Amino acid sequence: MLEVLQNSTIASKDGKDNRSRFWGIYKRVTAEYDDQFLVRYHSDMSDILLISGLLSAASMSFIVTMESNLSPDPSDTTNALLAQLVQIGLGNLTAAGSIHADPASTWSPTVLAVGVQMFAYTSLSMSLLAAFGVILGKQWLGYYKSHRYGRGSEEEQGKRRQEKFDGLITWYFDAVVQFIPVLLQISLLLFGIALGANMWYEQPGIALMIISTTIFGFLFYSLTVMACLISPSCPFQTPTSMILCMLGIDSKIIL
């Protein structure tokens, strides 16, 4: 695009007024486009940052409530010592000796507890990573906004702006930014899995509701992505479907 503008014949090089008028119109039109472009991205990133904070708080609260499942209960040692004292008081030294005075030394967390914590911590990490991506995205947008024109004549500023904008396309800026919400979606899925697994051995009925809701959400999301790949005119576009389209994955590969 930059080469087209540099070699443009819309305004003759000899026609200085026409050339200046062309670049003046170009700057006015691109400034309006850039303003909408920057406002849209800043708004989207602010929403992502808010959701990321809420999800991080929910994940952290869940992790704190589950923390006791990864360490031995101090009351077990107290109960073991009391049981020994009772047996000694009854004169049953053999029974007292068979009671382990420090149950914590042989304690280990269950596989379920470790798995639940793994999913919960991964969910928290994903939401924090999304927040980090938003911070980077805002910095990138700020750099583009402040450096898109630079100094010089309107023609030089226009060419510099076009060069910066072409760089956004060449380096797949939109795809990178669109990937940030995908991190939140993965975080939500992992949080749902952790929540359902944690409730399974406590309240299976509640766990089934959580698992059913999580599966429904996953299937619904997957179907919308597939619909977008099958039909480009589908209105249910998501960051995932847009990224897959950019990677060349379409309906022919799916079907």
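Glycine too: its Cβ is placed from the backbone N, Cα and C atoms.
So that you can see what the record holds, here are the features copied from TrEMBL:
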DOMAIN    23-200  domain 'DUF6535'
TRANSMEM  48-66  transmembrane segment
TRANSMEM  118-141  transmembrane segment
TRANSMEM  169-194  transmembrane segment
TRANSMEM  206-230  transmembrane segment
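The transmembrane segment (48-66) makes no contact with the transmembrane segment (206-230): fewer than 3 of their CB pairs lie within 8 A, with pairs spaced 6 or more apart in sequence. Confidence for the domain 'DUF6535' (23-200), expressed as mean pLDDT, is 83.
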